[in-house]
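**Student:** Below: one structure in structure tokens.
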Amino acid sequence: MAGSNRSASLKDTQRSIPIGTLAATLTTTGLYLVSVLLFGAVATRDKLLTDRLLTATIAWPFPAIIHIGIILSTLGAALQSLTGAPRLLAAISNDDILPVLNYFKVAEGSEPYMATLFTAFICMGCVIIGNLDLITPTVTMFFLLCYSGVNLSCFLLDLLDAPSWRPRWKFHHWSFSLLGASLCIVIMFLISWSFTVVSLALASLIYYYVSIKGKAGDWGDGFKSAYFQLALRSLRSLGANQVHPKNWYPIPLIFCRPWGKLPENVPCHPKLADFANCMKKKGRGMSIFINILDGDYHERAEDAKAACKQLDTYINYKNCEGVAEIVVAPNMSEGFRGVVQTMGLGNLKPNIVVMRYPEIWRRENLKEIPGRFVGIINDCIVANKAVVIVKGLDEWPNEYQRQYGTIDLYWIVRDGGLMLLLSQLLLTKESFESCKIQVFCIAEEDTDAEGLKADVKKFLYDLRMQAEVFVIAIKSWDVQPENGSQPDESKEAFTAAQQRVADYLTEIKETAKKEGTPLMADGKPVIVNEQQVEKFLYTTLKLNSTILRYSRMAAVVLVSLPSPPVSHPAYCYMEYMDLLVDNLPRLLMVRGYRRDVVTLFT
């Protein structure tokens, strides 16, 4: 390996190193074999075992020539090591592989003085030990480790069919590399199993240190090719078949800036990554952070690259396992529609769309948000994606802010168990581990409350989930609010919503009458049934009042997300949602999709 260590001094490394290495190996092997024959011809076995300087004894013309040869040979080997080792140490330092070696960096073409002094210091320390038999196995182990590492690298690259692996030696085969690596390991154990174990442990520690502290170089990594091939095979084995609930994992698609109201240098809401980590057990799992830039792709391609880098930096800073994706589209709605259809591969497609609730839309009079909000939910329904909308993201706790109280679930529609699963995942986080789960089942007055409660308890028991169950009977939605049945703040919000909806409907009716067109909203025809609009408003009022009555102090509330009513204006649906989340500081609106995510089977 002396040629490789001094490769920077060679004119043509790709030609010189293979020829020099093979020639040196063949020459020294021939000399060693001849030496065995010559020694066997001139001395008996006992003489070979007892006379350690037999060569000097039989040398011609006098023994001193062998003594001089041994000294010169030793000095030559030492000088060779003192020439190659410092350059190797300086090369490792220049590549920033180990930050602790930064003191040995040198400019290109300069002599590595500091590395040479350090190498000489190590050599003198070994000489002072005064026992060559103690040092030799250690040095041998690391040489053999180096050789086995080179062989394993060649074996991996050849076995994985990496396109960049094109060895010039046409007789190369992966079996030679595997055989060489295996022989190195076997010889290590034959020399000393204790030294081998210590050497392998030390090499593993160095590798771990490099992987944690070292900087990535531009020379590639054989393990990355192995991971790539393993990922491809795993993806093929997953196929396109529906994953069993037992093997279901949430793969959230985090929509970073759906409403486009963050400072320009902030790629994502600071708490979105914290929430994404809450959807993973022990932080394991993949998240896809998506951002959409409005405009023409050819004009904004460079902006997209810069935004992707910025978003990736944010993900790494938040220690969130995820990838960043930036899409350029004519507008937000078209971009999201394309993303929700194409993002992911096979069964590794995202299955939950996560975004923050647009609390700013009325405060900043953003009239385009209701249409965009309803469009995103409808796109998720068509694409069969679950939806989680986070209200009160600014108050979402990080990993150091411990929460107490309850996690309350308002289970209104069957969602495949997604809401239950999310509550269990929240409990695995330190911030929520002290909380307890409460499940509130909403039923109408004539429902058998006790029977429903027993069924839900049995269901949760079979799912191995601990939760307290409550059944809340509510009068028919057609009944108008009674005095004293709702909190004052809810009644005020209800009255204000009624007035705003009435004003909006009057406005679009007048516009349609003036232009002589059908009733239009958000660029498409709508049907307005004012009685049904009133019914939806009252429904959300009753649910909001119920949540405030039972869960005002809850750590977090989860409630089923109602689907946007067909042919209703998006503005009306936005009013329904505003009334539902009113006065609730931290709320998750959850909509499952057409499949179960929990199973009764162990």
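A Cβ is built for glycine as well, from the same backbone N, Cα and C atoms used for every other residue.
On a predicted model such as this, the values are computed, not experimentally measured, just so you know.
Residues annotated as domain 'Amino acid permease/ SLC12A' in TrEMBL: 3-229. The annotation transmembrane segment is assigned in TrEMBL to 20-41, 53-79, 113-132, 139-160, 180-210. Residues or ranges marked as domain 'SLC12A transporter C-terminal' by TrEMBL: 270-391, 402-601.
Quick one: where do these features end up spatially?
**Tutor:** Mean model confidence for the domain 'Amino acid permease/ SLC12A' (3-229) is a pLDDT of 84.
If you look at the transmembrane segment (113-132), the same-chain residues 6 or more away from its ends with a CB under 8 A from one of its CBs are 78, 81-82, 85-87, 89-90, 93, 103-104, 106.
Listed by sequence, the residues of this chain that lie at least six past the ends of the transmembrane segment (139-160) yet keep a Cβ under 8 A from its Cβ atoms are 1, 167, 172-174, 177-178, 180-181, 184-185, 187-188, 191-192, 195-196, 199-200, 203, 222-223, 225-226, 228-229.
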**Student:** Do you know the DSSP helix, strand and coil residue counts for the domain 'SLC12A transporter C-terminal' (270-391)?
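**Tutor:** So the counts come to 59 helix, 27 strand, 36 coil.
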